[in-house]
Amino acid sequence: MASHSDTLVVFFGATAGANGGKLGSDEREIILLVWQIVDLHEKKVGKLHRCLVKPDTLELTDQSKEETGLSLDEIIKAEPLDKVLQQFQQSVSSEVKCLGRSSYTLCVNSPLIIRQAVHPEASKKNLVLPESFFSFVDLRKEFHKCCPNAGPVQRLTLASMLEYVGLPAVSDGTGVREVRSMVQLILRILAEPYNHKFSCVETIKYKFDSGTCSKTEPVDSETVIRARGLPWQSSDQDIARFFKGLNIAKGGVALCLNAQGRRNGEALVRFINSEHRDLALERHKHHMGSRYIEVYKATGEEFLKIAGGTSNEVAQFLSKENQVIIRMRGLPFTATPQEVLAFLGPESPVTDGAEGLLFVKYPDGRPTGDAFVLFSCEEYAQNALKKHKQILGKRYIELFRSTAAEVQQVLNRYMSTPLISTLPPSPIMPVPVLATPPFLPASSSTRDCVRLRGLPYTAGIEDILEFMGEHTVDIKPHGVHMVLNQQGRPSGDAFIQMKSPDKAFMVAQKCHKKTMKDRYVEVFQCSTEEMSIVLMGGTLNRSGLSPPPCKLPCLSPPTAYAPFPTPPAILSEAALYQPPLLAAPRPPQTTAHSPAHTLAYYPPQPHLYMNMNMNYTAYYPSPPVSPSTVGYFAPPGAVAAAVAAQPHHPAGASSVLPQPGALVRMQGLPFNTGVKDILSFFQGYQLQPDAVLILYNFSGQCSGEALITFPSEEMARQAVGEHSNHLFYGQQVHLAFCN
């Protein structure tokens, strides 16, 4: 073992860029290695070796030229890093053998040369490092242990340590000077009166260990960073490779997901201690392939929010160690474990058969179309990934690498209870389908709202409440509205309803340009009417209001539905977001004095309300997806009912449908379908974007259905006939004419 070695190899290196305390921070390659052996038992010194290294990029900074005294002409004649490392291994092994020793340990004056230079560069160049580079002793820490009164480790330099023990400074060239100084220090502290024993051996992990993290586990905020700009297909092993040389805690990589459950290019990484975290921050804007990665500080709370889990089912699934995790997305809702195993085939056997499958479900037990699969080795996982976008049933299946933290995050997201008010249940009241979308308040010109612009895309309700600080007490119930774009992703905007215009004015004055996650946020006072128009897909800028691009219903309920009493916002919200909405609508009770036609409605259920001890943030639910694409999330039956009532609308009443005409219903669409995809599918019919209505489920995901309005019944029937057998991006869809 290295800790019992009685031979040290004093090691020094320099790069083509920054050196000293910033060595490795600019990704520059190594250009100089110097080493010398010290026999701790006999107190003998071996031959000093100095080797130049030829970098792939033949360029030296002025700082490097000045500090090392090297020129480009000298570097060009040198051997590349892999050859120099071979030479190092051969010469050291030969000398150690001549001394009659069997092992040795590297000794450096700073861990930077090993952790921030040798390992990252070897990882990028796919070089296999000798085993000796995975352990070392830091001379400064050993000296501090031997001479604790010499000062803190961070302030110790070779010059100060030599002076402390009464040794003269060494005059020589860069590299040689440092190595000889370290050798003198080692020999001095080995002798009387110090008699020091080298024992503090630092190690570097050979590979990243996956694992789980409990929400109750304490996580030190000084050990966590956020990496941003990652390729979407990167895995936890790719991220660990980016931070090669630094020790990541077991299960310490958590890939962040967006609102659709897809990776958003960010990850939270937890290191074993603050020293490794600080070194990780020095890799800000280092490259992963052709992309540069931003590295920022993060908190333990943020890490637990993504990686922490409490589900026994997940814990049992992830209890098998050293497994490769693959995520499957787009499974048919009726898919069984046997069908999934048959789809993967005998060339990629799943660990423990059906027990190695974890289907993701909603709280009510409905499948989401996602599943996680365990494989015992990389070969089986690679065979499974070859099935990417192959067909199971009538759907193509996406497969990609996953992590234990992603399993926790996906399960936490789908299994968490929707944010519903804690108010006691109110009497059931009919909700007209074509009335104002439930999450929008009645239109008003009163300026009792504020708009937040420039939010980080990862910001959630909790972040906004923290940003508001003491003003959160003045927010109306259900008063936080996140604005999402047409892809269902955060737009960076949010609206907040305050209890009065005075409260809104105070928030705009005190919170304007405050910082949230390293970004300053603009806060403006606005009216409910302005907020409603933006939430319905319009725009609000210095030029004033612009209406939504698609012809959405007016903000106040149409007069045709006045006989229906306006329900409290919480009732319609609870009714709107629950799974029963996907069932067939029921007609309301006939009202004798109502001249309006019968419409579909969905009464809220009393059991949807939750305990009064609910978390504070539950008072501030937000629509799961922006209504800019679909108006609101009306079930297909409800829309059909609206279509049936269309000819009887009085003048001035708005329709939920984009335009009059014949309706075609599409079923079986991929979850990531957009309006442009559907328009491209029907490209011969010259449809406008507002002719497409994509339907979403209560969690904000595409339900797999859409309604398309054609100018005439004849054209609609022709489209159904021509496209019934066509594949929609490799997937079979069902088309039906709605008469």
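Yeah, the Cβs are placed from backbone N, Cα and C, and that goes for glycine too.
Per TrEMBL, domain 'RRM' is recorded for 224-296, 325-400, 449-524, 663-736.
Simply put, out of 224-296, 325-400, 663-736, 224-296 has the most Cβ pairs sitting under 8 Å from the domain 'RRM' (449-524). Along the domain 'RRM' (224-296), the predicted structure has mean pLDDT 90. Broken down by DSSP into helix, strand and coil, the domain 'RRM' (449-524) contains 25 helix, 33 strand, 18 coil.
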